[in-house]
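Some features that TrEMBL has for this protein:
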type	residues	note
TRANSMEM	B:9-31	transmembrane segment
TRANSMEM	B:37-55	transmembrane segment
TRANSMEM	B:67-84	transmembrane segment
TRANSMEM	B:90-110	transmembrane segment
TRANSMEM	B:117-136	transmembrane segment
TRANSMEM	B:156-174	transmembrane segment
TRANSMEM	B:204-227	transmembrane segment
TRANSMEM	B:239-266	transmembrane segment
TRANSMEM	B:278-297	transmembrane segment
Amino acid sequence: MSLLSVEKLTKSFGGLTAVSNVNMYVEKGELVGLIGPNGAGKTTLFNLLTGVYVPTTGSIKLDLNGSVKELGGLKPYNVTKAGLARTFQNIRLFKDLTVMDNIRIAMHQNIDYKLPAAFLRFNKFYKEEERMLEEADKLLDIFHLSNKKGELAKNLPYGEQRHLEIIRALATKPSILLLDEPAAGMNPNETKNLTDTIAQIRKEFDLTVMLIEHDMSLVMKICERIYVLDYGMMIASGIPSEVRANKRVIEAYLGEDVSDASNKKS
Amino acid sequence: MKVLTKKNIMILIAIVITYVVVQVLISTGIIDSFYEITIATICINIILAVSLNLVTGFTGQFSLGHAGFMSIGAYVCAIINLQMNSTTGLLIGIVSGAISAAVVGIIIGIPTLRLKGDYLAIATLGMAEIIRVIFLNMEITNGAAGLNGIPRFTNWLWLFFFTTASILLINNFINSSQGRACISIREDEIAAEAMGINTTRYKVMAFAVGAFFAGVAGALYSSYFYFIKPNIFGFQKSVDILVIVVLGGMGSVTGSVIAAILLAVLTTFLQSYSEVRMIVYALLLVVIMLFRPQGLMGTKEISDMFKFGKKSSKVK
């Protein structure tokens with residue numbers, strides 16, 4: 001079984017079916033892209049995977065070394081606990097907290113001290129806090145943000161905020177990382193930087209990555225497999241070169257060929 | 001491991017000095033019984049404000065029902081103390097009062113903390129009113145007449161001990177991982193959930209901890225002022241506490257302490273000008289809010305000022 005398998009997943013909001021009968025799978029270690037025109041349902045699909053929405057029908061299964069877990073209907077924090085971490089399309093950092101605090105909050109689910117230790121400062125408290133700081137330092141080192149750890153998140157430049165979101169997601173120790181438009185609003189230089197970072201974290205953390213992206217050059221370059229959504233339906237999937245040549249994908253992005261359309265009518 | 005750091009020793013010395021100085025002033029009669037009441041009010045208000053700040057300032061859950069939890073602590077402690085007329089009775093009273101308030105906090109918190117912003121404020125306001133009406137109609141609380149002649153064992157030592165302990169414990173909580181989880185809810189609830197934080201759980205936790213310490217404050221109140229009735233713990237009291245929190249700065253323990261002291265001193269000082277007292281008080285609040293909308297301290301703490309210049313964020 002694949003690491004993540006989605007079967008017949010559907011989500012409707014009243015009369016609107018935002019995601020319709022979607023099947024997909026992600027293998028361990030893969031880098032999978034999810035593309036589609038605006039309003040195709042990509043973020044809705046991400047929200048279903050991460051527990052923000054409850055699926056109308058269908059199942060999402062996570063298989064971690066043989067122990068299979070159904071994610072559909074779980075609360076977001078339980079999905080994160082199960083091993084799926086995400087970033088947001090419009091950055092959602094804890095703006096008024098420091099970089100270090102942003103990371104430490106994400107580490108909360110893995111701490112090993114309870115409320116009494118927090119109040120009374122048992123030895124365990126200091127040990128765990130120390131461990132957290134060390135781990136956070138390691139993460140910051142990888143992204144060359146060590147010198148910024150005391151800064152408020154809102155004061156970071158845009159590109160670094162995007163990076164911090166990724167670090168924060170990594171701090172939850174996920175098996176799968178979901179990136180929602182990580183390159184949105186970045187200039188070519190920053191995008192290049194991001195590409196390198198993604199490659200690096202995959203190697204270093206033995207991570208499976210799934211990303212939504214509009215920057216086609218980025219998607220085609222780094223994704224091993226691509227899924228294409230349109231009007232909530234999965235219209236194509238495969239390796240980048242296949243997807244690029246797929247007629248339905250081209251139609252979804254550029255509209256139907258006029259001559260084709262008129263031919264059909266007649 | 002790290003208990004005897006330079007910082008902790010300094011804090012300890014400051015605590016001891018504060019205690020001794022005030023104790024000497026009381027013993028020598030420089031602080032007379034009138035000012036002693038002001039000091040008691042300050043201590044109780046500090047506990048109330050710091051605990052409400054945990055709920056409203058740090059966790060971001062706007063509560064207008066803090067006086068309700070205070071009244072539970074006050075009544076439970078008073079009833080126990082009337083039965084057990086000793087300092088042990090007072091101690092048992094304070095602990096049971098605080099625990100009762102925390103339990104009620106959990107029971108009320110679970111349904112109401114689904115609400116946000118204004119709706120939560122109204123729900124908590126209603127809950128405090130319900131508690132008040134229950135005390136008004138119960139036999140053991142002696143209805144509207146209230147409880148009289150509660151043994152008065154509370155003195156400066158008790159007040160000081162519980163105030164310092166409350167501040168330190170709440171401060172410890174805020175600077176722990178659980179505390180940070182609470183703060184993340186204030187910052188961005190959706191992101192907090194996505195980072196694996198059970199937001200409902202930590203909202204209720206903050207609410208219960210806040211209620212616990214409000215219960216401590218109520219218990220001290222009943223013991224120090226030896227007379228309680230339901231109307232003391234009305235809407236007005238909740239607003240008074242909220243004023244301290246907002247004035248000091250939502251999200252600053254230091255701010256709450258400073259504001260509690262400032263307002264109590266101000267009230268005492270203005271007592272000699274009774275005609276204009278409330279006008280001056282209200283005007284001052286308006287002026288401070290106009291010039292410092294974030295409160296006196298914002299989200300800063302006194303410790304932030306001392307470590308100015310140090311870059312690393314250390315475990316506090």
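A Cβ is built for glycine as well, from the same backbone N, Cα and C atoms used for every other residue.
Counted over residue pairs separated by six or more positions, the transmembrane segment (B:156-174) shares fewer than 3 Cβ pairs under 8 angstroms with the transmembrane segment (B:67-84), which leaves the two as not touching. The stretch from B:9-31, B:37-55, B:90-110, B:239-266 with the most CB pairs below 8 A to the transmembrane segment (B:67-84) is B:90-110. Highest Cβ contact count with the transmembrane segment (B:37-55) among the listed stretches B:90-110, B:117-136, B:204-227, B:278-297 falls to B:204-227 (criterion: pairs under 8 Å).
Among the stretches B:9-31, B:117-136, B:204-227, B:239-266, the one making the largest number of Cβ pairs under 8 Å with the transmembrane segment (B:278-297) is B:239-266. Long-range neighbours of the transmembrane segment (B:239-266) within the same chain, counting only residues 6 or more positions beyond its ends whose Cβ lies under 8 Å from a Cβ of the stretch, are 38, 41-42, 45-46, 48-50, 52-53, 56-58, 64, 66-67, 167, 170-171, 174, 183, 186, 281, 284-285, 288-289, 294-302.
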